[in-house]
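Data first, discussion second: the structure below is written as structure tokens.
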Amino acid sequence: MADVNHTAFRPGTFLLVGIPGLEKFHLWISLPFFSMYIFALLGNLVLLFTIVREQSLHKPMYLFLSALTVADLLLSTTTVPRMLAIFWFRVGDISFGACIAQVFLIHFISNAESAILVGMAFDRYVAICNPLRYVTLLTHSVIWRIELAAVVRSFCIVLPIVFLLLRLSYCRNRVIPHSYCEHMGVARLACTSIKVNVVYGLTVALLSLGIDIVLIAVSYGLILRAVFQLPSAGARRKAMSTCGSHLCIIFLFYTPAFFSFLTHRFGGHSIPRHVHILLACLYVVVPPMLNPIIYGVNNKQIRETVMSM
């Protein structure tokens, strides 16, 4: 009887179902996801190896890019292999501890990646608006401190989510209608009130990611003002070219993230559940796949370095 009560409070395992409503298409869905994951792994590993190996790339912009690459590798590897196991072998069982760990890692990496994008926006702002002080302001030690601050901030923000989930009493329903464990998906299986989880999750998203977007918008507002004040069209094109890759990555990261977040909480029944889950799955694999392609194609120095290897 004691075992039954313990199971009701904290189940030994959860069951991930993949993409609910599309179970019969899981095998077909897995093919593009597997391909995108392989491209993400190869692209990010090549990009990271290139930056580490080439001494001329040890500049602030590329140091931020290497941090973003590591985050992409961790985010996709934390989610996609288990997702593929569900699609291919219907192995959806995940232990309670592993599920909580996945929740922590997904939210931790996502928040850290958002902070890294802020750092990249600051790098572009200094490079274009204050180029004479670029080398003195963005030294290697300053870059490492910014990246360390991103990690510490993300850890402090996400750690309470773990304790908020651990405090809940769970019902016998252990089925998570998702392809991976995320905060609200796990919280909704609880028998007790999850109001604190809802409020905290919403507050974190609006404050941390919201503030990051505001900082990025302010940086690029100042950048655009400085660019349009440049005397020649060639200088303006060159300045905007250096920001184009970063703007694409920002768009890829925040658009699906906020669309999934807002529809998940406010979309009600107007958007089918499988659309929510499919978007959430794409969020963890599409940006990691496209980021190295965008930088590899648009950045001449990286492109030439890769071609000469």
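Cβ coordinates are placed from backbone N, Cα and C, and glycine is handled just like the others.
If you look up TrEMBL, you'll see 43-295 marked as domain 'G-protein coupled receptors family 1 profile'.
Taken from TrEMBL, the feature transmembrane segment applies to 25-49 (among others).
Annotation source TrEMBL lists transmembrane segment at 61-88 (among others).
Packing against the transmembrane segment (94-122) from elsewhere in the chain are residues 10-16, 61, 64-65, 67-68, 71-72, 74-75, 78-79, 82, 143, 146-147, 149-151, 153-155, 157-159, 161-162, 165-166, 176, 180-183, 186, 204, 208-209, 212, 215-216, 219-220, 246, 249-250, 253-254, 257, 284: each is 6 or more residues past its ends and has a CB under 8 Å from a CB in it. The transmembrane segment feature in TrEMBL is assigned to 94-122 (among others).
Positions annotated as transmembrane segment by TrEMBL: 142-166 (among others).
Positions annotated as transmembrane segment by TrEMBL: 198-223 (among others). For the transmembrane segment (198-223), same-chain residues at least 6 beyond its ends with a Cβ under 8 Å from one of its own Cβ atoms are 111, 114-115, 117-118, 121-122, 124-125, 128-129, 153, 157-158, 160-161, 164, 183-184, 187, 239, 243, 247, 250, 254, 257-258, 261, 265.
Feature annotation from TrEMBL assigns transmembrane segment to 244-263 (among others).
The annotation transmembrane segment is assigned in TrEMBL to 275-297 (among others).
The domain 'G-protein coupled receptors family 1 profile' (43-295) scores a mean pLDDT of 89 in the predicted structure. Using a cut-off of 8 Å between Cβ atoms, the transmembrane segment (244-263) and the transmembrane segment (142-166) share fewer than three residue pairs, counting only pairs 6 or more apart in sequence.
When Cβ-Cβ distances below 8 Å are used as the criterion, the transmembrane segment (142-166) is approached by residues 60, 63-64, 67, 100, 103-104, 107-109, 111-112, 115-116, 118-119, 122, 183, 186-187, 196-197, 200-201, 204, 208 of the same chain, each at least six residues removed from its ends.
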